[in-house]
Structures are given as C-alpha cells and as structure tokens.
C-alpha cells in the first residue's frame, strides 16, 4: 500500500459481547490520546475500526460486508483507513489481509494496545498484523480512564479454559487470566471519579477471577465485589458472564449480603438435556444447574435470572430439544438469549456427525423464543405496581422523557426533571414485552 495522510477522525464499530464494547471504548480512548477525534455523527471517518465477533458465522460475513461498504466506489485517497480488530482478526488475520487489500491493519483482542503504532505504520505505507496474546501487557499499556457513562464496564478476567465443543473463545481470547486486584480497584475508582454509578464486571468466564488483596489474602470474585462495594460513590455492581462450574458458596452468599450487588444473574445453561450438555463439554447437568439456581434464589429471593441457549447442536433430537423447553418452563427467565448452533472452524462440534438441518433449527428456535418471550413479558407484567430505584442512562424519544435501568436490568421509560446519572425512585405503572413505563417519585442521588 502507498503512504497516506494521518487520520484526523475515527469511528469504532463494535460487534458482539460486552467485552467487545469494553475493548472498543478502550481503543477509542487510545485514539483520543493520539489526537484523533471521533467523527461527527453522519460524517465519514478517516479511520474505521471494525471490532469484530467470531461467535457466529453471520458476524464474520458482516465484517467483509462492512469492508466492501466502506470502500465501494472510493479511490484509495478517499477511502478510510480500515483496522480489523477483535476475535475475527485473531482467528482469520492472514485471510483478512489476503482477501481484503483495503484493510491496513489487523489486531487481535490481546494486542490492541499496539494500535497507535500500527496506525503510524499504515501512514508510512505498511500493512501490519498483530495477533499476539500478552493480555497482561495490554492492560498495563492502556490509558487511564478519564470519562465514563453512568453504567460502565470493567474487564476483570479474559479467556476461558472450559473448551465447550462449540466455542471459539479459548482459541481467540486464550487461556484464563485474571487482572490484578490493585489494578481493578484503581480502574474502578477512576471510573467512579469520571461519573460511573454502576460497574459491570466483565469476563469470558468472569466468576473464574482470582487474585490477592493488598494484604496478600486470596480472593475470588465475591471478595472483589465486596471490596468494590465499599466505595460510597459506587451505587451498583453487576457481573457477566459466568459458568455454572465456578459459582461458589461465597458468591452465592454475596448476592444476599451485599446490597449494591444487583438482583440479577446471567448464567448460561445452553441446553436442558444431559446428553447434549455432555457433548458440549459443559461439565454440569440440567439438574445440577437447577439446584444451583435454587441456592441463588434462596440467598436473594427477588433475583431475576437470565440465560443463554443453543438450539440444533449436532445430534440434538426433538425429545432432547423438548428438555430445553422444560427447563425454561421451570426456571421462568426474566430475559434470555437464544441462538441457532453455528459451526465454527477448528472447534470439535464443527466435525461432529448428525448436523441438524437448518429448517429444523429455525423451527426450534422459534418455539424456544416464543417461550422465552412469554416469560419475559410475564416478569415485566409482574413488576407493575412495584417501586424501585432506576439509574438514568439517556434521554428518551420526546422532551422530558428519560430511559434508565431497574435493579433487574429492565429498561424503564419515564418523564421528569432529572439528569443522566441520577438515581431516582420510580413506580412501575405499565409493562411492555421489552420495557416498562414508570412514574417518577423522587431523586435518590445525583
């Protein structure tokens, strides 16, 4: 490629999980420090970072679609500088560089702290790829947090050692690593100083976090949550995503004892059938999962539950799928996420026999989503008449309207004289399938 001008504006487009949202925010902070400004809404950017997800095949296809859209009908001098980051970059970096000559750089999720130097190389006319996995070095090199939304993400752990047979995460994010306790306390403090009232702890397997406090005492995630909750200016703590194998007694107790830990738990089960769970290498049964949920509900009776499901895993029969519907009927999730199985190259499940036909997966997904939507609507309807604290996150669709989140992660719309970042008391007066309408009562904290 030829040398080009230094970009003056940027846009980061993140796909997929909350971890990618966090990574996208950190990349934006690095670009800010480099003197590159966010492109105004509706205007083309000089630099576009596609922060990609590799969980599903459609997400990979979308990357190439976006590259084509960004370059269509444009000469090299008019087209933006393109960086592909994230898990697709990690898994398919060489193919991207070969297939998409318009891409200037490919950077994996554990190497994006080197993005500023790669931009300099692109300006000099050099394409580059960096998919190393030094996650600890990445966090040490990132800039300090200087701005925050009322609800902020904090990555405490990366990677996964579970090796579910359908999942690419161990190959794209690497082995489990935990960030040091002191670094997390410092970053959380910076987020709160920058305006965060709520922090969501993130990890591919967040409850696997381990560390030592300032006195050298061993801690799990429950201990970290208890320490974070001591900050009087931090009002709420959440975490996602967990594996049932790493939910210990202390974490269960923390849900009942730490008021700032919100009454919401996202705990994927994936299937309600034990044979399928074993083929997935999930290391739990449907029964052990249900008993675990019972313990969480005993500790925090108002707990809202969320989960993940995969339909059409190789070999799944109709009877096995119906076991998934049974577990949905028993748990009654407040919200959940469901997907058709998507074979990912390099995973054991991709080469398993008895791949389920697409039309069967489509029909099963439709039935599962109908059950999950029914339960979410019922949970929201059951909230009507309740008074709760809502964190104001953004303006609504008309003047004076606001959107915030309840403790149970429900979207709540209401009118009133408030500001983004306020904690307010709201009476929930009307339920929709995906949100609730509320009546403002009072402001708790500004």
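Even glycines carry a Cβ here, placed using N, Cα and C.
Features as listed in Swiss-Prot:
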- 17, 53, 87: [4Fe-4S] cluster 1 binding site (BINDING)
- 160, 164, 167: [4Fe-4S] cluster 2 binding site (BINDING)
- 8-124: domain 'MTTase N-terminal' (DOMAIN)
- 146-378: domain 'Radical SAM core' (DOMAIN)
- 381-442: domain 'TRAM' (DOMAIN)
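Feature map: annotations from Swiss-Prot on the structure.
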residue : record                          : contacts (Cβ under 8 Å, 6+ apart)
17      : [4Fe-4S] cluster 1 binding site : 53, 55, 241
87      : [4Fe-4S] cluster 1 binding site : 16, 20, 52, 53, 54, 55, 108, 109, 168, 169, 172, 173
160     : [4Fe-4S] cluster 2 binding site : 167, 169, 170, 173, 175, 176, 204, 205, 208, 243
164     : [4Fe-4S] cluster 2 binding site : 270, 280, 281, 282
Secondary structure content of the domain 'TRAM' (381-442), with strand meaning DSSP E or B:
3 helix, 36 strand, 23 coil
Chain-mates of 160, 164, 167 with C-beta within 8 Å of site centroid, [4Fe-4S] cluster 2:
162, 163, 166, 168, 169, 170, 204
[4Fe-4S] cluster 1 site shell beyond 17, 53, 87, criterion: Cβ within 8 Å of Cβ centroid:
15, 16, 19, 20, 52, 54, 55, 59, 86, 172
Helix, strand, coil: count each for the residues of the domain 'MTTase N-terminal' (8-124), based on DSSP.
56 helix, 25 strand, 36 coil
